[in-house]
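**Q** Handing you this structure, nothing more for now.
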Amino acid sequence: MEKVFERLMYASRWIMAPIYLGLSLILFALGVKFFQEIFHLLPNIFKIGEVDLVLLTLSLIDITLVGGLIVMVMFSGYENFVSQLDVGEDNDKLSWLGKMDAGSLKNKVAASIVAISSIHLLKVFMNAENISNDKIMWYLLIHITFVLSAFAMGYLDKITRTGK
């Protein structure tokens, strides 16, 4: 009975596989939004102001960072919790594939969230005249929380890895 239960539990990790595959659909949706923004920009390139262009650029960078985060979670999550990716050993293989454990994945995700939050906060500051001070304060507090959380997670990971 115990062996059957353990095998069933171990096999249940495959439930995560379609979820990781579903993230690729979100990645596709982000790509569509990215190019939609570019196609809206092109006809108006000579009419758009500098600040609006910078805000749009920050939005595109934001989408790119989120896309990178999705790729990182998709691949390393699949490798850590479902099965090893067998993509061959050619030049196309990502250098970090197979080398990122759950702890380092958490740190990379936290760093990505801080970067995304930084871009969003920069967009808020560039548009500060249209945003209430209360909202700016909350954006700043949330960003500081992300930064402190990422720092704490990195520090705890360092402590557990060194055993000190």
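Glycine residues also receive a Cβ, built from the backbone N, Cα and C atoms like all the rest.
This is the feature table in Swiss-Prot:
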{"type": "TRANSMEM", "residues": "15-35", "note": "transmembrane segment"}
{"type": "TRANSMEM", "residues": "53-73", "note": "transmembrane segment"}
{"type": "TRANSMEM", "residues": "109-129", "note": "transmembrane segment"}
{"type": "TRANSMEM", "residues": "136-156", "note": "transmembrane segment"}
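Buried or exposed, and what's around them? Tell me for each listed feature.
**A** Remote same-chain residues near the transmembrane segment (15-35) are listed as 60, 63-64, 66-67, 70-71, 73-74, 77-78, 81-83 (criterion: CB distance under 8 Å, separation of at least six residues from the stretch ends).
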**Q** So what's near the transmembrane segment (136-156) in sequence-distant terms, Cβ-Cβ under 8 Å and 6+ beyond its ends?
**A** 106-107, 110-111, 113-114, 117-118, 120-121, 124-125, 128
